[in-house]
Amino acid sequence: MLKAKLKKIFPVIFVSTIVILFFYKLFLPDFSIFITPDYGRSDSWHFSIANKYYYSQELKRNRIPIWNPQIGTGFPTLAEGQTAIFFISNLILFRLLPFLYAYNMTLILSFITAGIGTYLFCRSLDLTKLASTFAGLIFPLGGFFVFHVQHHNLLQTATLLPLLFWAANEFLEKRKVLYLLALSLIISQQIFAGFPQLTFYGLFFLLTFFLTKTYLQKSLKPKLIIFLLLSITLGFTIAAIQLLPSYEFLRISNRDLKPQQIIQQFPYKFKNLAQLLDPFIWGSPENGTYPRWTPGTWGIFWESSAYVGLIPLALSLALIISTFLKKHKNKKHVINFSFILILSLLLSLGMSAPLHPIYSIPPFSLFRVPSRFLLFSSFAIVILAAIYLNKIAMRRPILTIIIIVASTLNLFFYLYSYNPTGKAKNWLSVPINANWLRENNAKRIYSVGQATPWTNYFIANGWTNQEYYYVARNSLDQNSNLIFGINQLSAFESIQTKRTAYFETQIKKDITFTEKTAKISKKIASILAASNVSHVISPFEIDSEWFQKKTDSESFDNTSFHIYENKLIPRRFFITDSYKNATSIPSILEIYNSEDFDPENQLIIEDTSYKNNINTKNWSVKTIRETSTEIELDVSLRGDGFLVSADTYYPGWKAYVNDKEVSLMPANINKRAIFLKNGDQKVKMIYKPSSYKHGQIISSISLMLLTVLFINFRKYKIN
């Protein structure tokens, strides 16, 4: 009995073991992390690791991190989605385990999930264990996944793709409600994983697979489509706790992509198809030999590869050719996945292919980087190769094993050493600049110009020498500041509110650079002080009488990171009676940029109901208590005035004065303000968005519905 069970699950154990071996360098000889650099920064270090570090800290404090006050003057972490707050493995592992263990384990678990899901899907196609094991190894260890290890949330979304197809195929074969319920859960987890582009693309190809299969089998019935759509809908309602806040954010964001931007910013050319034969045929970013990314001309390496090896590619092409020359047992599967392969490649090619008008149609128009359709190209190649290998496995199992071993070793040979690792204890040690800022009680920092020397070094050298990137930790560029408990003015995000975008533009447009210096005007120093920025960090020398150099980091490649102190006094809160009204963005910006506007002491509000007879005399503001979603202040005010907070204005923030709710207004583009009358009072600002509350209710009801359906109808068949 035990022997039979072990035999049944042996392929799953085998696939998991090989994946773990592929990542053993994360644990031996030292505990390590992937620190793969990108243009301007490292998506691994500055985004995935940093965000998950904050996430882990909040979970261990028994808090759901729906808001992050340490980046971007406050940022809606849940609404942005990429932290993958409700993804089940994240919730469990980051809550229970030390951060490093949780991070590396969730990364490896993503690859294992992709492998097991692919194995199960191939078994549902009635392929042999050997052929299914082959697919379960090749798909997760292929180029799309390995070249994206820095994108934690992208990986977690992508790895559920095979399970999506497995659940749909099992439903078509067995017609059990159980598989529709499984599909709903998988879809909800894909949404929670935090990469909506791949979730949408996955559903697009799931429907393609579903409709093509039922059409070829002559079993296409409206009832089946309705049940599939109901299953997808249930998946979306389970994920409402994520979707409603994200929709709220999207409505006020600056995400307004034009079709030309989508298909030209990160192009995938016919020339890139050669990377199916050799991912490094045009060079490698590892040593700086891959051509530089140029929008409209040449794309980014890790967005341009669906490499799974020459053997799988050859097997898939041989299958396609042989199927159309003679009868084949799995002809319908071959037609289905050949169609998926061709369609995904055409969509990946963007402007270079005839399907590019589709990117003007929502929701295709919401996402950049069409070449991410290569995920489905690599999946189709692997499935087609497994179908052909299935034919060999039934006649020549030894040859099949040789093919599996050779294909796996090929991926190890080509891809194993691609991503650089750094010793975790070194990378997570406090950099010199972070230590200095802590000791000197810095308030909020602003990193300036870090991307320029980083990109120059990256293009010229890749990561053959990692020392520059290690020293560059001292920039504390967003969001790496989270790892060391430093508050940063900016945020590294996928989208931002229009207000935040306008505000950042006002700062950046007036900072000018030469080869070695950055010039910052008094107006910018004043804006930064009004935003509670006490220090600026830059690899450039700051040329400004309003900033005083305090210290430097260590140097590498003639680059060190300097800390400058803002001579103007930074304030998070101030009270004023000096204000101006403006009701449109152009008029707000006109006032904000005028010479006579003082952002440290004056206010621009959009509420025109206040009269000019406001008089502020003396005031004081003291912070009593603060969490990530709540601030409590003791305010003493003689006269009337506006309390201004240097924190992000965002839907869901509410203000209370002596426990009575008052109006919270946008001020000075993206800050918050409330009107206060004379006296001593307790002021609270609390983040409790209705989108999150409504999402909780819908998700809870949907999970209860799923449970009821599972208990009562899991064995029910739809005829």
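Easy rule for this one: first residue shown is 1, then count along the chain.
Here the Cβ of each residue, glycine as well, is placed from N, Cα and C on the backbone.
Note that TrEMBL annotation is computational and uncurated.
So that you can see what the record holds, here are the features copied from TrEMBL:
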type     : residues : note
TRANSMEM : 9-27     : transmembrane segment
TRANSMEM : 100-121  : transmembrane segment
TRANSMEM : 130-148  : transmembrane segment
TRANSMEM : 199-216  : transmembrane segment
TRANSMEM : 223-244  : transmembrane segment
TRANSMEM : 306-325  : transmembrane segment
TRANSMEM : 334-353  : transmembrane segment
TRANSMEM : 373-390  : transmembrane segment
TRANSMEM : 397-416  : transmembrane segment
TRANSMEM : 694-713  : transmembrane segment
Honestly, do the transmembrane segment (334-353) and the transmembrane segment (130-148) touch, with at least three Cβ pairs under 8 Å and pairs 6 or more apart in sequence?
no
At a Cβ cut-off of 8 Å, and with pairs 6 or more apart in sequence only, do we get at least 3 pairs between the transmembrane segment (223-244) and the transmembrane segment (694-713), yes or no?
yes
Using a Cβ cut-off under 8 Å, which residues of the same chain at least 6 positions beyond either end of the transmembrane segment (397-416) come close to it?
18, 22, 130-131, 133-134, 137-138, 141-143, 146-147, 279-280, 307-312, 315, 389
Close approaches to the transmembrane segment (9-27) from elsewhere in its chain (Cβ under 8 angstroms; 6 or more beyond its ends):
33-34, 104, 107-108, 111-112, 115-116, 119, 129, 132-133, 136-137, 140-141, 408, 412, 416, 421
Under 8 Å, at least 3 Cβ pairs, sequence separation 6 or more: does that hold for the transmembrane segment (306-325) versus the transmembrane segment (694-713)?
no
Taking residues 6+ outside the transmembrane segment (130-148), which of them lie with a CB under 8 Å of any CB in it?
11-12, 14-15, 18-19, 22, 110-112, 114-116, 118-123, 154-155, 158-159, 162, 275, 279, 301-302, 305-309, 312, 374-375, 378-379, 382-383, 385-387, 389-390, 393, 397, 400-401, 403-404, 407-408, 411-412, 415, 418-419
